[in-house]
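Peer 1: Quick one: the structure is below, questions incoming.
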């Protein structure tokens, strides 16, 4: 039995396993405003995340990134080329790409959120499994299996792209479970000596307190950027795991594509979501746009 199948089999057999409770934030901070530069980067990388939902960006390495639904114009205006596209149809159906952007001098690793039965199965297998990213670190097995399925090829692609473009910055982005996976990749490349910036949209909890603390303390200031929509239920799942901070919170009711800079507040202790109940399931797909426009039949 492969390690990936073992992760999921153990998870399905023991999804009620008890793990150490995460640190609890009890009081909501006021939150601080963000500047225009960070706002622009959130908009930009939401479009790189959106591009993962367009099939032609994940099944034909060597292409320019495009979105047939017109929801990634900033990406399409850049000189991009994928150096790895993955949609293997494996046990978790891990999907995404690694691309270079010669216009902005960045290398982008992007993970797609869940749209397939295999994705959703992996999402539900939340028994903890030890991971080699840091001492005492554990992840929920379905998410870790997703990353493990493509881990080696991503490291190989980024290593080659960095060697060819030594002045490029590494960006890691994704939506939904793909946003959660960004933490694994960030820890991986940090250990390998890469400077990385993370832009995660609607991430779930994927690790224990030790993993969250490792990411919070080992990534430089302003490089770990998790965005949460007020209407998004996913940030509080699965129970028993820890969120990564700071949290950038879209503090407006309802789900909508238009997000103003004044709508976003930074919460250093991740308390933005406290006292704020998600008001609909569909809010999970709204991050500056309907992020899954290339997959219109996926409800959330």
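Each Cβ is built from the backbone N, Cα and C atoms, and glycine gets one as well.
Take a look at what TrEMBL says about it:
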- 1-20: signal peptide (SIGNAL)
- 108-239: domain 'Fungal lipase-type' (DOMAIN)
Peer 1: For the domain 'Fungal lipase-type' (108-239), give the DSSP counts of helix residues, strand residues and coil residues.
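Peer 2: DSSP classes over the domain 'Fungal lipase-type' (108-239) add up to 60 helix, 30 strand, 42 coil.
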Peer 1: Check the domain 'Fungal lipase-type' (108-239) for me and report the mean pLDDT.
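Peer 2: Looking only at the domain 'Fungal lipase-type' (108-239), pLDDT averages out to 90.
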